[in-house]
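Listed in TrEMBL:
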type: SITE; residues: R20; note: site 'Transition state stabilizer'
type: ACT_SITE; residues: Y25; note: active site, proton acceptor
type: BINDING; residues: N76, H82, D89, L103, S104, R113; note: substrate binding site
type: ACT_SITE; residues: H102; note: active site, proton donor
Amino acid sequence: MTERVVLLVNGPNLNLLGTRQPEVYGATTLAEIEAAVAALAAEFGLAVRAVQSNHEGVLIDAIHAARGECAGIIINPGAYSHTSIAIRDALSSVDLPVVEVHLSNIHAREEFRHHSFVSAVAEAVIAGAGPAGYEYAVRHLAAKFA
Ligand code: DQA
């Protein structure tokens with residue numbers, strides 16, 4: 001059987017992880033997160049396609065490209081969580097299991113972060129677990145595919 005691929009999507013400003021507000025987002029870089037996700041996914045026989053962009057349309061294109069090519073999506077939409085109906089519609093359109101991840105606990109922060117347009121189309125939402133949240137997301141998908 002062909003190896004299942006998981007799409008890992010990180011939205012705007014997450015390229016700056018490690019130096020961006022470390023008191024909120026921690027010291028781990030995005031490259032380290034992507035490497036940890038790939039290593040854990042490999043233990044379950046899953047490959048990872050990692051995409052980060054600061055541009056909404058690029059994120060949407062990556063989600064569309066997952067259709068027929070990926071088995072599931074792990075996404076931290078960053079601030080687009082709170083604004084983007086277009087990203088939510090893209091996720092709905094590809095009909096794949098989605099896990100939404102936030103490093104910080106968005107519910108314990110400013111009011112405008114409490115609502116995510118993506119959450120209603122996600123199977124699972126993980127917020128506040130830091131980088132480990134991405135690993136929990138891998139485990140969720142791996143358990144589904146087992
Ligand atoms: C975030 C939370 C968002 O509110 C914020 O805009 C981000 C990161 C998180 O991972 O905690 O960019 O998604």
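First residue shown is number 1, and so on along the chain.
Cβ coordinates come from backbone N, Cα and C, glycine included.
Where the annotation comes from TrEMBL, it is an automatic prediction and has not been curated.
Checking the recorded positions R20, L103, S104 for a CB within less than 6 Å of any atom of ligand 1 leaves L103, S104, listed in sequence order. Local packing around the recorded positions R20, H82, H102, R113 was summarised as the count of other Cβ atoms within 10 Å of each Cβ; on this measure the leading residue is H102. Each residue contributes its Cα atom, and for D89 (substrate binding site) and Y25 (active site, proton acceptor) those atoms are 27 Å apart. Note: the Cα of the residue listed as 'active site, proton donor' and the Cα of N76 (substrate binding site) are spaced 6 Å from each other. Cα to Cα, N76 (substrate binding site) and Y25 (active site, proton acceptor) are separated by 13 Å. Using a 10 Å Cβ-Cβ cutoff, N76 (substrate binding site) registers 26 neighbours.
Following the DSSP three-state reduction, the secondary structure of H102 (active site, proton donor) is strand.
For the recorded site, Y25 (active site, proton acceptor), the DSSP three-state label reads helix.
The Cβ of L103 (substrate binding site) has 23 other Cβ atoms within 10 Å, all protein chains considered.
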